[in-house]
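Right, one structure below, let's go through it.
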Amino acid sequence: MFGSADLSPSSRSSASHGMGADGAKHTTRMLQVLKVSGEDLTTIPAEELSDVLSLKLCLQPLCGVPRFRQRLLRDCDILEDDALLDASIPVQLVLLAFVSASNEEVDQLSAASRAGRAKEVEEALLRPQDPDLRLPDGSAALHSAAKAGHEDIVRLLLEGGAEKDSRNNRGETPLFVAARKFRVDSARALLEAMANPNARDNRGETPLCVVARKGHVHGFPLGHARIGHLLLQMGADPDSACSVGRTPLWWACLRGDMDIAVMLLQVGAHHQVADASGITPLWLASCVGLVRLVHLLLEKGADQTWADKRGRTPFQMTRELVRLHAEAGPDTDKFRNACGALSLFRGSTFQSTMRTRERIKLCLEAFHRCNRPLSDIWISEMGYQAVLDLMSEAAASNDMYCEARVKRLRT
């Protein structure tokens, strides 16, 4: 089954001789490893090896096959991983092909990977079962482990030869699904294995894009920033845009995510990139009333005169939103419908941002606490007056508008 060779100690044992520090001769016992044909493959100093598993790990880079598909024989007996080695008796290396696996076995490996059952995963790899066999949705076991955040299973599957950049039916790699679920440790294991940080899904999104798009809205104030930082450290493109031109900074501004926005700007993300509708990060930040972010973008040189494809500048949009807020008052449905009617935002997109929801809540609470005019409450609590002030100051300092026009726009 595994081939045969002359494995007698007299014919195959070897040793090397050298001089010690005291000038005396010493002998290094060498373990001989043979091919199936009986030819020499390599010799390894026995003192570097503790058991069969350590030998398999040494042979892995030499033969290009993971330990799970290696079998070591001594006198035609298969050695277990914990068996001790005797340098006087050579061993024979046999490399196994993957066995065929049923759909049920593929399901079982993915389920074990998702549940973090390391023993079951290792048993499947030792069968040896191909870890890249897919479920109906195109995902492999590595997708399941990465999505669930089981770093140990991710590393085990990678050691077993799993393709680090395999794609499911939506074009998502294991790193992409780890990023989407903010699984920092799984993402780190994949990136250390040289997974592509800029691999795109079918919509053209990269892992960094999906982190910026989902993080702040879905309530992960720490995890999404950590994984964003990790991706940037490992070579993610801060200006990667999806199929409609939306970059990570674009999404960070829409979501009101200062952590991600600052991180992106610090590594040189382009602040003037517009999406397919001509909307820039400054346009978004001003419309959502994010004073600190508007200030930061203006400091970086963002163009406040840039108009979208409907000819609307950030200043004009902010002024229009002040008017809509004042008219709608605490009626968020009325405000959303007004935005939709004027194509300021898709209503659902605008209302889905966590920062906007927080501001609406603050405005309602302020309305019940004091007797100030409702329009004043909306404008101050949402941050729009401060945004208008910032852009007016920037306009004046750059001589883009005369003082009379600035005053007229603010009325």
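Backbone N, Cα and C atoms are what each Cβ position is placed from, and that goes for glycine too.
The compositional bias 'Low complexity' feature in TrEMBL is assigned to 1-19.
The region 'Disordered' annotation in TrEMBL covers 1-24.
Feature annotation from TrEMBL assigns repeat 'ANK' to 137-169 (among others). Within the chain, the repeat 'ANK' (137-169) has long-range Cβ neighbours (under 8 A, six or more residues past its boundaries) at 65-69, 109-116, 118, 121-122, 125, 128, 131, 175, 177-178, 180-181, 183, 185-190, 193-196, 199, 201.
Per-residue confidence over the repeat 'ANK' (170-202) averages 97 (mean pLDDT, predicted model). The feature repeat 'ANK' is assigned by TrEMBL to 170-202 (among others).
For the repeat 'ANK' (244-276), the DSSP-based tally of helix, strand and coil residues reads 17 helix, 0 strand, 16 coil. The annotation repeat 'ANK' is assigned in TrEMBL to 244-276 (among others).
What TrEMBL lists as repeat 'ANK' is 277-309 (among others).
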